[in-house]
Amino acid sequence: MAVASSSDVAILALGVVLAAAYLFRDSIFSSSSPKAVPVAPSKLSNGHGNPRDFVAKMKEGKKRLIIFYGSQTGTAEEYAIRIAKEAKTKFGLTSLVCDPEEYDFENLDQVPEDSCVVFVMATYGEGEPTDNAVQLMQNLTDSSFEFSNGEHKLEGLKYVVFALGNKTYEHYNAIGRQVDTELTKMGAVRIGNVGEGDDDKSMEEDYLEWKDSMWVAFAEAMNVEEGQGGDTPDFAVTELESHPPEKVYLGELSARALTKTKGIHDAKNPYASPVKVARELFQLGGERNCVHVELDIEGSGITYQHGDHVGVWPLNPDVETDRLLCALGLYEKKDTVINVDSLDPALAKVPFPVPSTYVSVLRHYVDISAVVGRQILGALAKFAPSPTAEAFLRNLNSNKEEYAAVVTNGCLKLGEVLQLAAGNDISARPTPQNTAAWTIPFDIVISSIPRLQPRYYSISSSPKLNATSIHVTAVVLKYESIANQLITPRLVYGIGSNFLLNIKHAANGESQELEHVSLPVYAIEGPRGTHKVEDLYKIPVHVRRSTFRLPTNPRTPVIMVGPGTGVAPFRGFVQERVALARRTLEKNGSDALADWGQISLFYGCRKSTEDFLYKDEWPQYADELKGKFTMHCAFSREPPYKPDGSKVYVQDLIWDDRKNIADAILNGKGYVYICGDAKSMSKAVEEVLARILGEAKGGSEAEGVAEIKLMKERSRLMLDVWS
């Protein structure tokens, strides 16, 4: 080993001293006066404190209302904003409209005595809170959760509840009701009755019927008088003479999409997925359509599991976009760039990215294809082009029965109602020449029409067999409206499924004209043509997680009930088991599946030759699963029929197989999954299962109902249903 010289040591020592002097220069060379220590700002000062403290925000903004919404698809948020707007218009009270996921609830007991908390709560799935309300519900229901008073009490807290649900589901408005029950137990004081909106009938009418009496009780409890507010706008819309074109949103759903930068793809930043395959599943030439679409997610960072949902972001058809542009007198300036500013960000956030254009807002960002609500018509009446048109709108606004007959039964959109009121022909292609222009300020349009939301579909594939693609199975919604004294019956088209049908036609070079019926046309090339590359089309999508999952142990029996497109997730389920079977057989030999539980699928459609979904695939899956997969099919419009001549449905097949089903559930601890129509099919299936289980246990149907309830509690009976 070499020995260091004395000169080397001296140089090293000098280096250490100089380095130390540099590092501690502030302490060595500073003046003798003490250095000021920066003081941390107060938690509640100038809005720079804890961003999760809603009480501080209320006090700082002088808000007497805080409105929390539990929303999965945006509807509850829409109603929360409506309540806030009415409080402002009626009483001059300003509100905070809040996503509960963004706040902590330890200080809920600190809400001032002169204030009120409003809960607008949707029920999701099997009586579950929406994703953004999970923590709120845990805090309210957990008796060990302490508020700032050190107790689980909210003595004297004033609150209002509006619940959103669907009566075809077993747990109708369960979350809204639970919020009310828990708050009452903690000593809070409810204002008015609990509002309950039923989406199966008319959420709008239920809200309108509830709100009037609620506001009366509210005025008394809050010691306010109606008339103290005013009709003030929520937004300021400004036309921009010059703006960099590349910074204008023309339908892009996020800043990353506009700037073409990479990032995580979710509901706030959907992925423009290339369409690998788009094909028809029903018999060609028939009156109905069912589209199979395969979405390429390779390289996107998106992952999914069997049973998840994919959100497809559609746009409004050209005819409805043009109709409203003409009715608003904006057709000639549709490409004008506009900016939108919120005049009260705590009440109403700008619901879409800006700056944009008039046509882009109406085509991509607001839901102009929905049936127009009754309440909005009263606000628009004063902008009518004639006294007759004004009277027409006011009558629809005030006459519930007339509105139901004309608008609800006629499935009329906003543009169509404006045309009808002005005496225009709604069956003609809308132009500025045949459509009267209303003087409705565009800020009112933005305030009154909700944001266009994604349409969700059960994913019909498994990542174990299709790692880089998501499969969608969508029956195309097309039905006839009910005639009334003003308009004859006409075809009504669902926005999401017909958007997919447009994509299928374009991708395959097919004609849009079918049997002399002109289908709605969409601008499927996307903003700036980015959703079409040569002959390849793209669709903005994101994945929503689900708890609709197979049991992890393949020895557990599985019973799946999915008529129609309800079979979609079960195609994914079976693919999941096929992938596992391949690995198991390869590793353990030909008898490796011997101890697997039976997989039974109960499927139904009209005819085996007309609408039997994935007819050619099921035998292949059965072969790979070595007898462990059995499919039971009910064809309602072909023999065999019941002895009395009536149709056979899936519940009839379940009853016929009752011995095996009872054994699988009671002895094999099997899992049951139901997907499809909630209104009749799902209920009928549950009823026959209860009958089977009650009989098998040697008791009554009531005992079977109790068993069904227990299975749901233990997640052995799971539903993915819709109305």
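Glycine too: its Cβ is placed from the backbone N, Cα and C atoms.
Unlike curated entries, TrEMBL annotations are predicted automatically.
Residues or ranges marked as FMN binding site in TrEMBL: 71-76, 122-125, 164-173, Asp199.
The NADP(+) binding site annotation in TrEMBL covers Arg288, Thr565, Ser636, Arg637, Lys647, Val648, Tyr649, Val650, Gln651.
Annotated FAD binding site per TrEMBL: Arg455, Tyr456, Tyr457, Ser458, Thr473, Ala474, Val475, Tyr479, Trp722, in sequence order.
Among the features that TrEMBL reports, domain 'Flavodoxin-like' is placed at 65-215.
As annotated by TrEMBL, domain 'FAD-binding FR-type' applies to 268-534.
A gap of 18 Å separates the Cα atoms of Ser636 (NADP(+) binding site) and Val475 (FAD binding site). The Cβ neighbour count for Gly125 (FMN binding site), using a 10 Å radius and every protein chain shown, is 17. Between the two most distant C-alpha atoms of the annotated NADP(+) binders (Arg288, Thr565, Ser636, Arg637, Lys647, Val648, Tyr649, Val650, Gln651) there are 24 Å. Summary for the binding-site residues Asn166, Gln651: the Cβ-based neighbour count within 10 Å is maximal at Gln651. Ranked by Cα separation from Thr473 (FAD binding site), the binding-site residues Gly74, Ala122, Gly125, Tyr172, Gln651 are led by Gly125.
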